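Some features that TrEMBL has for this protein:
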type     : residues : note
DOMAIN   : 10-145   : domain 'EamA'
DOMAIN   : 156-287  : domain 'EamA'
TRANSMEM : 41-60    : transmembrane segment
TRANSMEM : 81-100   : transmembrane segment
TRANSMEM : 129-146  : transmembrane segment
TRANSMEM : 152-172  : transmembrane segment
TRANSMEM : 184-204  : transmembrane segment
TRANSMEM : 216-234  : transmembrane segment
TRANSMEM : 246-264  : transmembrane segment
TRANSMEM : 270-288  : transmembrane segment
């Protein structure tokens with residue numbers, strides 16, 4: 001497929017992933033009144049395995065390679081699964097404790113963390129312009145969190161921690177060999193996260209009996225949304241450069257605000273703005289600078 005077509009497909013997949021992640025978040029917030037964050041994480045990973053298994057079975061790259069299950073960088077894949085577990089725990093907890101749009105918006109700091117983490121993990125050089133953009137973005141995070149004021153809540157640290165952990169997951173996806181199919185990477189991470197989250201849930205207080213068939217339906221949907229979203233996102237990042245996709249990710253900020261308003265009657269306008277704009281500005285500034293450097 002031509003590079004241009006791959007970029008267009010990657011953008012489409014990333015936007016669908018964004019919508020699916022928001023749908024998953026809505027379900028988690030809905031269910032968080034009855035089930036713990038680690039229970040929801042375990043259920044999400046159980047049913048999230050299904051899209052990864054289907055995708056790996058249908059993957060021509062996997063079949064052409066002889067349908068391998070073991071990969072050379074299996075330790076890295078397992079490590080990503082552990083990181084995913086704790087990222088999920090932080091984010092799912094925040095959804096039950098904060099306004100949907102506020103928790104979701106803070107996680108968009110992951111683009112800033114990815115820039116910082118790319119230096120030690122990928123050996124990338126980040127100049128003063130991009131570091132300045134990172135600082136602008138984090139200033140936006142501080143405006144939303146409002147540390148040192150009566151409006152500050154420690155719960156806001158949860159989505160920030162999730163952003164850092166998800167950024168680590170995103171950066172490490174670029175360390176895998178190009179020959180490793182994206183669905184296989186997702187399968188390793190999801191399976192590891194499933195085992196880890198289930199163990200933590202058991203020690204956390206066990207699993208609450210599913211209250212109704214309706215809840216079971218939502219739990220299955222949650223896993224399907226999340227598993228498919230991760231699969232689409234990993235695939236999109238391996239199809240094109242991050243700078244081609246990152247601008248579109250910020251559509252998620254107004255999307256989360258609208259969804260929180262529609263489904264939960266939340267309108268945290270004063271909390272989110274102008275901080276959300278600075279987060280987006282910092283991320284977009286990083287993208288602009290990366291493209292400028294490549295064009296030289």
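Each Cβ is built from the backbone N, Cα and C atoms, and glycine gets one as well.
Note: the stretches the transmembrane segment (184-204) and the transmembrane segment (129-146) are not in contact (fewer than 3 CB pairs below 8 A, sequence gap of 6 or more). Using a Cβ-Cβ cut-off under 8 Å and counting only residues 6 or more beyond its ends in the same chain, the transmembrane segment (216-234) has close neighbours at 13-14, 16-18, 20-21, 23-24, 27-28, 30-31, 40, 43-52, 55, 173, 182-183, 185-186, 189-190, 210.
Across 41-60, 81-100, 129-146, 152-172, 246-264, stretch 129-146 shows the highest tally of CB pairs under 8 A with the transmembrane segment (270-288).
The stretch in closest packing with the transmembrane segment (81-100), judged by the count of Cβ pairs under 8 Å and taken from 129-146, 152-172, 246-264, is 152-172. Mean predicted confidence for the domain 'EamA' (156-287): the pLDDT average there is 87.
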